[in-house]
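To start, the structure itself, in structure tokens.
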Amino acid sequence: MDGIKRLVAWVQQTRAVRVFQRYSSQRGPILASGLAYQALFAIFAAIWAGFSIAGLVISGDQVLREQLISTIGGVVPGLIKTSAGGAGAIDPDVLLAAPAFSLTLVISLVGLLVTALGFLASLRDGIRVIFELPALTGNPVLLKVRDLVVGLGFAVVLIASAGLSYFGTTGAETVLGWLGISSDSVIAFVITRIITIGVMFALDAFTLVALYRVLTGVRIPVERLRGGAIIGAAALGVLKVLFSAAIIGGVGSNPLLKSFAVILGLLIFFNFVCQVILIGAAWIVVGLDDKGIVADPVFLQKRIVEARILLADHGYASGRPLEHKRGRVRIEREPLG
């Protein structure tokens, strides 16, 4: 019996268990559910506006166009059709065929600003809740500008990753051709997949770093930030593979759900993604606690002052132990009247 108790105590002290305890105690699952709904609306507006603008650049380049579509399909499985007759909520041909400058584009841009900025603001607050920090205060205009910069940065990185994946794959095929290896061979397929997975991992890690450090405004040491971003990016990669293979396939084959299978699948996917983001934040917080690092010293000092005022209002006084000139702070009850 003592051995079982020691085992349970050891398990409870492991970092993974403490991370999930922190995530659960701060209502992480509920936060992720709300964020998933906002993400679903924001991504559709972003895709419509993004393709309307990108059509001016990539409509004449079939290879780059297919690579961008493939990259988006890798980031959010089931969102966009990556092949004729394939599963996907959005047909890229319809988006690229739409006029570049139209009333629809204006409406989609307005919708994108409202939904995307709202999602990023909620995501920032959710991550700060995991850190046990209040909502970020300051000039609301500057906060929206920060959110906009993060959103635009993600779009730029997404396009850049599509280009890197394209040039990396093309370069690998060229080198293999010099070696006499066909682009249809197993070796070529494996190398192409490694390049694609590597680009997706780098994109996810960069995005998480931006969310944890830039969006939230929390000063996180690089070594703690790096660990959370790498673990989160790896979890997102596994999630995308499992989602593509199981969730979309399983839901799509159900005749009762076929009419809204992709939308339902995307909602489930975004819920899991938001949970991974918040769990990654909890991993960082636990790491900070283990090292005795305070995420926001100013806020901590403010809480200490407020606690002292509250205790004083209820008849308590703070001082040093009577038997020591120096030592720990003592809170003792003062006699009432």
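Each residue, glycine too, has its Cβ placed from N, Cα and C.
Sequence annotations record features per position, and here TrEMBL assigns transmembrane segment to 35-56 (among others).
Taken from TrEMBL, the feature transmembrane segment applies to 68-90 (among others).
Among the features that TrEMBL reports, transmembrane segment is placed at 96-121 (among others).
With a cut-off of 8 Å between Cβ atoms, the residues of this chain six or more beyond the transmembrane segment (148-167) that come close are 46, 50, 54, 63-64, 67-68, 70-72, 75, 113, 116-117, 120, 195-196, 199-200, 202-203, 206-207, 210-211, 214-215. According to TrEMBL, the transmembrane segment annotation covers 148-167 (among others).
What TrEMBL records for 187-215 (among others) is transmembrane segment.
Marked as transmembrane segment by TrEMBL: 227-248 (among others).
Proximity of distant same-chain residues to the transmembrane segment (260-286), defined by a Cβ-Cβ separation under 8 Å and at least 6 residues beyond the stretch ends, is recorded for 15, 18-20, 22-23, 26, 28-29, 31-33, 35-37, 39-40, 43, 76-79, 87-89, 123, 126-127, 130-132, 208, 211-212, 220, 224-225, 227-229, 231-232, 235-236, 239, 243, 247-248, 251-252, 254, 295. The transmembrane segment feature in TrEMBL is assigned to 260-286 (among others).
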